[in-house]
Amino acid sequence: MQEKKEEDLQQALNKVSEVGIDEVGRGAIFGPVFSAVVVLTEKNKFLLKQLGVKDSKKLTPKKRKFLVPKILLLSSDYGIGQSSVREIDNLGIRVATELSMIRALKKLKEKPSELIVDGPLLLRPWRGTQKNIVSGDSKFISIASASIVAKVSRDNLMMKLEKKYSGYLIFKNKGYGTREHLSLIKKNGVTNLHRKSFLKKSNLF
């Protein structure tokens with residue numbers, strides 16, 4: 001009887017309990033928008049929480065980098081997707097964000113039965129059950145994990161792009177519209193990776 005209970009407990013702990021998805025870079029003025037989806041069992045949710053997984057915005061860059069390989073190792077599956085600057089400018093940021101999420105989901109080996117999405121907006125192209133959770137990255141380990149993976153993936157790309165776009169301090173602002181970044185655009189001009197649709201609002205394009 002005891003063995004049966006232990007077996008049932010192990011099965012419960014190893015069963016997929018959460019599939020969370022989040023985006024990063026939606027509000028940036030430079031570079032693509034990234035999304036990540038992470039599939040977790042009950043057991044590995046607990047382990048990741050013990051390792052310090054939480055809302056990526058509350059973690060240092062060093063801690064996020066430390067956690068990514070742990071998340072990828074402990075996830076049952078994961079996917080990363082992105083949408084280009086051209087897609088953002090042509091389709092609008094909402095559609096482009098949805099597209100990056102769908103691309104991340106297509107990387108999964110199996111379609112999840114339920115998806116937990118960070119934020120209030122429905123993922124319209126998704127044909128399946130979804131729950132939208134405001135501030136989900138502070139409430140669900142799967143969303144927090146997805147947020148960290150997406151954030152580090154995008155930040156790594158920004159560091160690589162710094163070599164080609166050295167006049168904009170991309171390594172520092174990560175493509176976001178800081179006062180310093182906007183000042184450098186006025187000085188050096190708009191590049192092919194700046195979001196023209198965003199810069200029009202600032203009268204910079």
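In case you wondered, yes, glycine gets a Cβ from its N, Cα and C as well.
Small disclaimer: the values here were computed from a predicted structure and weren't measured.
Binding of divalent metal cation is attributed by Swiss-Prot to Asp22, Glu23, and the same site annotation extends, among Asp89, Asp118, to Asp118. Sequence-ordered, the extra residues of this chain that approach the divalent metal cation site, with Cβ no more than 8 Å from the Cβ center of Asp22, Glu23, Asp118, are Ile21, Val24, Ser35, Ala36, Met101, Val117, Gly119, Gly136, Asp137, Ile143, Ala146, Ser147, Ala150. Counting every protein chain shown, the Cβ of Asp22 (divalent metal cation binding site) has 30 other Cβ atoms within 10 Å.
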